[in-house]
Amino acid sequence: MHRERLENAAFRAGYGALLVFMLLPLLVVVVTSFSASGRVAFPPDSYSLVWYADFFESTRWLDAFTNSIVIGVGTALLATVLGVLGAFGQELETDSVVGSVVAPVVLIPLLIPPVILGITLLLYFNEVGLRGSYASIILAHTLWATPLVYFVMRSVFSRFDWQQLDAAHDLGAGPVRSFVHVVLPNVKHGIFVGALLAFIISLQEFVMALFLSTPGTETIPVLAWTEIRQALDPMVSVVSTFLILISVGTIVVAAIATNLEWVSKQLS
Amino acid sequence: MSETTSLPQIPTSLDSLRESFAGQSSSTRALLLMAPLIAFELLVFVIPFLILLRISFAEPSSDLVYEPGTWSVEAYAGVIDNILAFDLFWSIVSYSFLLGVVVTLVTVVLALFYAYAIWRATGLLKTLLLFSVVLPLLTTLVIRTYAFTPLLSPSGTVNELLLSVGLLSEPIQFVPSTVGAVIGQVYIVLPYAVLAIYSVLATMDWHVVEAARDLGASRPRSVAEVVVPQAMPGIIVAAVISFAWSVGAYAAPGLLSENLTFALEVERLLLGGQRYPTAAALSVIMLVLMLVTISIMFAVLNRFGGDFDLA
């Protein structure tokens, strides 16, 4: 089968090229962070850790880093509470009119260009006087993170064995008690993964944050953007490398904490 | 609750749960659970949009950014006149749509191929392919875009490589240019598109494709007539996501191209010119145009999938 072999070769070349396309930019970021010169070139002429040293001496970057973490944790907490309760309520009452409205409304913000969300929220937070606070960015990021938690939880709850709740009820547990002692332990992995997704979304989001941030609430991506537009130096690569490490680290922690099999089942 | 123990009742245990969990007021309890989410969506999504709509109908003001309490269609008239006169807004809107369409086409084709490759791969290769899709998702889009500058600039890696092997005699200006913006934007949306299509393929039965092959279909034909129609729900999600995010793209065109997209113009109007009503009106018009396009896309793709199902 000559033709078959040719097709196979073309197929391999195709996904090989795609692999390079997907991974090369990330490799560029990490490698250029070790550049010794002030020019971002790939591969760099010589290597050093000077830009890392600079990062740890820059209060501006460290402040942005703190802002990103605070906003990320805030978003994760808020989105998880909203998403878990909402998905559980939805699962109890699948046919109600409100239920059928909630799912699309939760989803729609994901399909609206972040620029439009950014200007909408900028005008709104100006009106209500929240502009310039952590809360304004946390609320904006929660708009994006909640759908993810919500849909992770919908799929987790759909696999939950509801008869356990019957049993708890028969044994005399009230609704709150059975939720805390029967439902939560069963879905805690899902909640954990949802919360981490929300954290990562917030850590990376930049268009809404760009509109809403003020000098005191600049996140890492916002600061990176303003730096890139002024001049290209390897500092941005250093920051990017840290962001990649944090995100990957978060996923690894999630994988270890929940157990690998479960995570791979979620991904596939 | 004794009837739940008999076998035929097991599939309806959700119903019995509704009774057991909440007695007779199950819908009240469900609503109570959803209340925080509903309140949040109202306060942070629905009401802000009504305010945007309201400001788009306010009169512009020279000292304030808009005149509160006034009603006027001036901002809309200005934007629409400008578009109809093929002026600045026309070029901005048409360029944004062009970027959206081109990126969507490229992304859907690549994503279908990528998802198919992941689906067919096994073991380590499958893990590697999935990893290569998930890893960029873990990186902020600022950085995903920025990485293309040293790669694609006239003195960048790609040009140097092509020059040194003799494929080029002089460097190509990938960035800043539309080509650069398309490459950067495809890179941003491709992972989401791949995962959307892969999640559908993963539930599909490979034996159906094998059967088509056994009946004499070539590989391309089996993909076009068996895989694509079945993957249509995923393809629709991939296309809608790619389109919506690329029409409204900010980072890739801002960094890798010199043409103004609507997202960059809205920022300029808002933060630079302080022309709130115009920025709001342009956003509303753009959103309506996008929603119309997405609905048409939805209808066409749906029919496309449906026709193949009948065949």
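Cβ coordinates are placed from backbone N, Cα and C, and glycine is handled just like the others.
As annotated by TrEMBL, domain 'ABC transmembrane type-1' applies to A:65-257. For A:12-36, A:69-89, A:101-125, A:131-153, A:191-214, A:234-257, the entry in TrEMBL reads transmembrane segment.
Contact between the transmembrane segment (A:191-214) and the transmembrane segment (A:12-36) is not supported, since fewer than 3 Cβ pairs fall under 8 Å when only residues 6 or more apart in sequence are counted. Recorded stretches compared: A:12-36, A:101-125, A:131-153, A:234-257; the one with the most Cβ pairs under 8 Å to the transmembrane segment (A:69-89) is A:131-153. Within the chain, the transmembrane segment (A:12-36) has long-range Cβ neighbours (under 8 A, six or more residues past its boundaries) at 42-52, 234, 237-238, 240-241, 244.
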